[in-house]
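Heads up, the thing below is written out as structure tokens.
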Amino acid sequence: MASPSLFKETMLLFFFFFFFASLSLSTEETQLKNESLSFSFPLTSLPRSPQTSPSFYSSFISQTKKIPTLKSSSPYNYRSRFKYSMILLVSLPIGTPPQSQQMILDTGSQLSWIQCHKKVPRKPPPSTVFDPSLSSSFSVLPCNHPICKPRIPDFTLPTSCDQNRLCHYSYFYADGTLAEGNLVREKITFSSSLSTPPLILGCAEDAIDDKGILGMNLGRLSFASQAKITKFSYCVPTRHVRPGFTPSGSFYLGENPNSAGFQYISLLTFPQSQRMPNLDPLAHTVALQGIRIGNKKLNIPITAFRADASGAGQTMIDSGSEFTYLVDEAYNKVREEVVRLVGPKLKKGYVYSGVSDMCFDGNAIEIGRLIGDMAFEFDKGVEIVIEKERVLADVGSGVHCVGIGRSEMLGAPSNIIGNFHQQNLWVEFDVANRRVGFGKADCSRST
């Protein structure tokens, strides 16, 4: 699951806002039976609360670091646009009648959870909190439910029985904060004619952040799996924009009309029997082949990008992590080349959030040009290319860093391709065909 964490100075996850008030149906009632429906939603952007400043976000990190001992076509055709500001926030219509609940999309997370109102029911309830008493489709999971058992397959979230004999869960984030509550069942109500079946969600009563989580990994209890969503995609615009303007991107559940131009790579899978301490078998894992800076392919052995006997070295695509993280063997080679190109301009003795020592306080445009384009290489000639203008991330106070950190400093020796390196790129997760697609785009204009 996803978790806010270590970065204190900047936040770049993405915002999806889905407002069902102006829902637009594009099919007739007869088509509802074929489960083919498209929606469009208006767009609103909200600023990130200054009280919630952590900006690292990854369920993989939180699970391995804090809880090391635990470890067909889609029925919906759904599209939204979002503004790229601080976090990717989707406002989903939950319950009957629906209440708009803000949830952060995370492709590295299994359990979806919402913020629940735990006091005596108030009308209206707080705008960011779900009030179970107002929903006729809400139900709780008792302790004897099969899910409420330790270490069931594909579900490593620690559960227990509370004083009311209800299934209780607790989840530690990578920054040490805690979200806990009860497991429940509830529907996502897209319209009066279309909703998901009751899904198992967390109903959090104690959490620092007021946003929930929309888990989209490969686990059987993720939102995608429970709702039988076999394909979803998003397009993240660049963060370099004119003052006062927040760019918007797009998000799809189901078929993406732009997919004809996508290039696909296979998802790597791991059998149930293959349990390794550093492996997340439910992540969207890919086979990274190499890294190129300018025209130079770095001398990094391919084994650095593959899970070893302990699971270390796994490479995953994660919408919940801002930066990209590399194991030391790969990070050191990237840093070696950056030092060769712009070593004298490095900010001496500076390590950003304990994970990145490739930072500068000079002219970011000039330094980016000296470094050149960067590319993550996959098989079949597929690449994620980061243009030199986007190699450096603004981390505040006039400091810019190469958007790559050491994963092993986080206690997770894995390679994680974060959303900073997914800008101006369609990323499609085709779960049914076990592949990930990429397509270049101007995401502020993509539809």
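Including glycine, each Cβ sits where the backbone N, Cα and C put it.
In TrEMBL this protein carries:
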type     : residues : note
ACT_SITE : ASP106   : active site
ACT_SITE : ASP318   : active site
DOMAIN   : 88-439   : domain 'Peptidase A1'
SIGNAL   : 1-26     : signal peptide
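In this structure, the CA atom of ASP106 (active site) is 7 Å away from the CA atom of ASP318 (active site).
Across all of the domain 'Peptidase A1' (88-439), the predicted model scores a mean pLDDT of 87. When Cβ atoms from all protein chains are considered, those within 10 Å of ASP318 (active site) total 28, not counting its own. Counting every protein chain shown, the Cβ of ASP106 (active site) has 28 other Cβ atoms within 10 Å.
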